[in-house]
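Undergrad: Here's a structure for you.
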Amino acid sequence: MVWDVLNVIGTIAFAISGAIIAMEEEYDILGVYILGFATAFGGGTVRNILIDLPLSHIWQQNILFYIAILVIGIVFFLPNSWIESYSKWAWGVFFDAIGLGAFAIQGALYAYNMNHPLIAVVVAAALTGAGGGVIRDLLARRQPLILKKEMYAVWAMMGGLIVGLGLANHDILLYFVLALIVACRMLAHHYGWQLPRKKRKGEESSA
Amino acid sequence: MVWDVLNVIGTIAFAISGAIIAMEEEYDILGVYILGFATAFGGGTVRNILIDLPLSHIWQQNILFYIAILVIGIVFFLPNSWIESYSKWAWGVFFDAIGLGAFAIQGALYAYNMNHPLIAVVVAAALTGAGGGVIRDLLARRQPLILKKEMYAVWAMMGGLIVGLGLANHDILLYFVLALIVACRMLAHHYGWQLPRKKRKGEESSA
Amino acid sequence: MVWDVLNVIGTIAFAISGAIIAMEEEYDILGVYILGFATAFGGGTVRNILIDLPLSHIWQQNILFYIAILVIGIVFFLPNSWIESYSKWAWGVFFDAIGLGAFAIQGALYAYNMNHPLIAVVVAAALTGAGGGVIRDLLARRQPLILKKEMYAVWAMMGGLIVGLGLANHDILLYFVLALIVACRMLAHHYGWQLPRKKRKGEESSA
């Protein structure tokens with residue numbers, strides 16, 4: 001039940017993020033819907049493909065589909081100034097972090113319960129949590145932001161690692177993992193944490 | 001038999017559209033073939049993946065493959081002026097519309113006969129009809145045009161909706177759906193119909 | 001055994017090529033890893049999807065994963081000047097050619113042993129050999145280089161054609177095919193061989 005609520009929050013947050021980027025690219029209302037859906041459901045789709053889960057599961061999420069349809073419609077008709085506020089708003093980051101965490105844990109559990117090796121569990125967590133955003137950015141012809149900013153996928157992978165090592169073998173522990181992912185994501189956003197990247201011009205390599 | 005002919009027309013129209021865009025991007029002849037094939041067969045491939053159909057079916061379309069190989073070769077060797085004419089030519093839009101309609105109906109029927117929920121039928125129609133064009137645009141590093149122009153995917157979804165609601169339970173009715181899609185697509189192209197999009201600078205939201 | 005060594009060489013060469021492009025795009029260290037992995041393992045993943053092979057196979061390549069993790073880490077911490085040298089270095093092209101050839105033959109054999117039609121064998125060879133590079137370029141928002149340069153995918157397809165026609169029905173012959181692919185790739189690089197492409201401005205078509 002709690003996980004259902006978290007899934008709903010995550011779906012809403014991801015659908016909104018896709019819809020906003022589509023509007024920035026001046027896509028029409030269908031494009032806004034496609035990008036919203038791709039962001040909300042794309043990560044889970046790619047995960048199912050990669051760990052040999054049938055995709056029919058995706059098509060049974062009827063309630064989540066209706067919620068996404070409603071939410072994207074609302075976003076489309078809201079005044080632009082509200083949308084700009086949302087993007088800067090701490091609650092927006094918070095909802096997105098819940099989506100990242102809930103999706104990552106759910107993806108990791110799928111792979112873990114299929115006895116996939118550890119690396120598959122970590123990848124499933126990263127794809128489920130952050131894969132929708134990559135698909136969104138590809139469809140909007142943007143550089144995939146999660147490859148550059150605020151260690152986004154790292155927190156999903158951290159969650160996948162904990163699940164994959166069998167350290168979260170109780171429901172209560174999964175909530176701790178979720179809280180950890182959300183906290184890390186919020187702190188990374190607030191303090192602008194970055195993973196090291198390679199300097200290019202003028203300087204020698206610094207990692 | 002009639003559907004086979006429609007499929008051939010659609011494959012030819014889609015292969016040509018991929019080949020032309022590849023030549024505009026100055027891809028070499030292999031790139032022209034890859035983009036032509038991706039446009040003609042990419043939509044059906046993605047659809048099969050998403051509705052859990054085996055892909056071996058794709059590899060049995062031998063005649064369509066040979067037709068695509070031939071057509072793309074012809075396009076490559078035609079004078080540029082002929083290609084420019086084709087792009088502006090109403091028959092080109094007409095053939096493309098037949099491809100959109102035939103592929104959309106075929107995709108919708110696949111999903112419908114597998115008892116997938118309505119939304120899966122609509123998505124299968126959209127992917128089969130318009131998905132090849134999205135793959136084409138991604139490989140050519142262009143903004144997916146169908147997200148912005150002339151309601152392209154809408155007509156495929158309309159067809160999917162009619163099929164998914166069980167309203168086209170007779171062959172003769174499927175031809176009506178095809179004619180409807182083709183007519184809508186031609187009218188949308190001719191009159192430049194657009195779905196609403198969000199204004200961004202200066203104005204407040206207008207849907 | 002020999003093929004295992006060739007696979008390792010190919011994986012290393014492809015992982016390096018993905019990592020270098022990620023660093024050129026100023027991705028952070030996670031982005032460098034993702035692009036390195038996508039290049040090394042993406043081609044085989046897409047091939048498995050397209051010829052209906054389960055993907056669980058991908059997840060059992062534990063040794064290759066550890067090698068890729070190590071190699072990408074080393075590349076990240078190397079001085080920039082070394083990396084620039086690598087890109088220009090003939091051995092770099094040679095290793096990449098081994099990867100292209102070994103992956104193409106492996107992909108072709110998979111499809112051939114599943115009794116797929118000839119065109120599927122050729123496509124499987126091309127995807128396994130060159131697909132990782134396409135995924136790499138898409139994620140880095142670059143024009144897929146293999147669609148334009150030095151007939152890259154052609155050699156993989158040539159290998160697929162030989163395997164698919166049943167001409168390489170002995171291990172020793174497969175080594176000849178590999179040597180042929182590597183030799184063609186090196187010659188094409190050295191002499192700047194190009195497939196024909198279409199002239200656009202001013203001139204009439206010249207194929």
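Our numbering is plain: 1 for the first residue shown, then up by one each step along the chain.
Every residue, even glycine, has its Cβ placed from backbone N, Cα and C.
Per TrEMBL, the features are:
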type     : residues  : note
DOMAIN   : C:5-78    : domain 'Glycine transporter'
TRANSMEM : C:6-23    : transmembrane segment
TRANSMEM : C:30-51   : transmembrane segment
TRANSMEM : C:63-82   : transmembrane segment
TRANSMEM : C:89-112  : transmembrane segment
DOMAIN   : C:94-163  : domain 'Glycine transporter'
TRANSMEM : C:118-139 : transmembrane segment
TRANSMEM : C:151-168 : transmembrane segment
TRANSMEM : C:174-193 : transmembrane segment
Undergrad: Per DSSP, what is the residue count of the domain 'Glycine transporter' (C:5-78) in each of helix, strand and coil?
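TA: Helix (H, G, I), strand (E, B), coil: 64 helix, 1 strand, 9 coil.
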Undergrad: With CB pairs under 8 Å as the measure, which of the listed stretches C:6-23, C:63-82, C:174-193 comes out on top against the transmembrane segment (C:30-51)?
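TA: Out of the listed stretches, C:6-23 contacts the transmembrane segment (C:30-51) most.
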Undergrad: On the 0 to 100 pLDDT scale, where does the domain 'Glycine transporter' (C:5-78) sit on average?
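TA: Summarising the domain 'Glycine transporter' (C:5-78) by its mean pLDDT gives 87.
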Undergrad: List, by number or range, the same-chain residues at least 6 past the transmembrane segment (C:118-139) whose CB is under 8 A from its CB atoms?
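TA: Beyond its ends, the transmembrane segment (C:118-139) has Cβ neighbours at 14, 17-18, 21, 34-35, 38-44, 46-47, 50-51, 99-101, 103-108, 110-112, 145-147, 152-153, 155-157, 159-161, 163-165.
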Undergrad: Report, as numbers and ranges, every residue of the chain located at least six residues beyond the transmembrane segment (C:151-168) whose Cβ falls under 8 Å of a Cβ in that stretch; write 'none' if there are none.
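TA: Residues 100-101, 103-105, 107-109, 111-112, 118, 121-126, 128-130, 133, 145, 174, 176-178, 180-181, 184-185, 188, 193-195 contact the transmembrane segment (C:151-168) from elsewhere in the chain.
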Undergrad: Give me the stretch from C:6-23, C:89-112, C:174-193 with the greatest number of Cβ pairs under 8 Å to the transmembrane segment (C:63-82).
TA: C:6-23
Undergrad: Using a Cβ cut-off under 8 Å, which residues of the same chain at least 6 positions beyond either end of the transmembrane segment (C:174-193) come close to it?
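TA: Same-chain contacts beyond the flanks: 2, 6, 90, 93-94, 96-98, 100-102, 104-105, 109, 150-152, 154-156, 158-159, 162-163, 168.
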Undergrad: Hey, which bits of the same chain come close to the transmembrane segment (C:89-112), Cβ under 8 Å, at least six residues off its ends?
TA: 3, 6-7, 9-14, 16-17, 43-44, 47-48, 51, 53, 120-130, 132, 152, 155-157, 159-160, 163-164, 166, 168, 174, 177-178, 181-182, 185-186, 189
Undergrad: What is the number of residues in the domain 'Glycine transporter' (C:94-163) that are helix, strand and coil, as DSSP sees it?
TA: 57 helix, 0 strand, 13 coil
